[in-house]
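First the structure, in the form of structure tokens, and then the observations on it.
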Amino acid sequence: MCVICGCNTNHETARQDENKGEHAPGRGLVDTGTEPPGAAHVRIDASTGDLHYGAGPAHVSVPGLSQARAIKLEQDVLGHNNRLAAHNRQHFVAHGVLALNLVSSPGSGKTTLLCTTIEALRRCRADLQLAVIEGDQQTSHDAERIRATGVPAIQINTGKGCHLDALMVANAYERLPLHAAAHAHTHEHRQEDGQHSHHHDHEHARHDHHDHRSSGIGSVLFIENVGNLVCPAMWDLGESAKVAILSVTEGEDKPLKYPDMFAAASLMILNKIDLLPHLRFDVARCIEYARQVNPHLQVLQLSAATGEGVDEWLDWMLAGGAAAGAAAATDGARMRIAAPEAGIAALGTQLAPGPAVSKEM
């Protein structure tokens, strides 16, 4: 997972811990009795030789890190991100912003779907304010495509990073007209020694005292995450819901290969269904696989190219489906991370300092 593999903001941590000698080789997890050099918590299939590096309580193996240390790092880093995400979510709810986190593999058609969705929303809900945050490692190509539709967009380039995080989204959102419109009025806040008023000109992610509410959806913020079916699954951005987009050109077993993403999603969109006549893609099997991972997952089939199924997508988005699906997806995601959290208790002794070593000879 990218919290500890080296692509997040704390990418030096694993190497630092490796230098400190905190790595504890896995015991009892190697089935054949023969452990590859430097391996930790790997399960080996005796009949095929296949390696499974997610066998430990942390569900990941990183050279230089014990399983307990890996879990602790994940909790620390994600805990900080989740606090920022909670601020984002509080703001979005207070101002009637429906924030959707679009996640998928590269090339699934996210940006094309966004352009089609923008056109459709303008026809049926011209009153809605729209904005887009684009995430890619490099270039502003996708943001330029969105801006060409007339909708404001901010491009986030993550460099070597493989996902967006809550602070990135907060910083990008502050630069959108959607944010300015939400804060066009002056907020009144009461303190113990009296009242004061101020305008929001500070970092939004750290603002936690909204005292007003908005009824219904007044605007939609689309967040197109970096194309990646692994890392974005565990990073809460403060969104109303995650929407996993799966192209029918990718194969129907993607939900089983990348279960964390589909467990965290409220909705799975099967895109490019106009290509089905030319492919051997079993739609029913794909949906079955996805619901093995997430029984509450809602599924829509559409073609961003032809517009087929887009009306159903808009209905889900604006008629409460996003909110209803988000609660179920949150429960599913919590179940999937329960094992690592429980595992840290069993591995607590690895985090405790060892006995002092006497310097006397």
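Placement of Cβ uses the backbone N, Cα and C atoms for every residue, glycine included.
Site annotation (Swiss-Prot, ligand Zn(2+)) includes Cys162, His163; from Cys231, Cys286, the additional listed residue is Cys231. Considering only the binding-site residues Cys162, Cys231, the Cβ with the fewest other Cβ atoms within 10 Å is that of Cys162.
In the three-state DSSP classification, Cys231 (Zn(2+) binding site) falls within a helix. Annotation note: Cys162 (Zn(2+) binding site) sits in a coil segment as assigned by DSSP.
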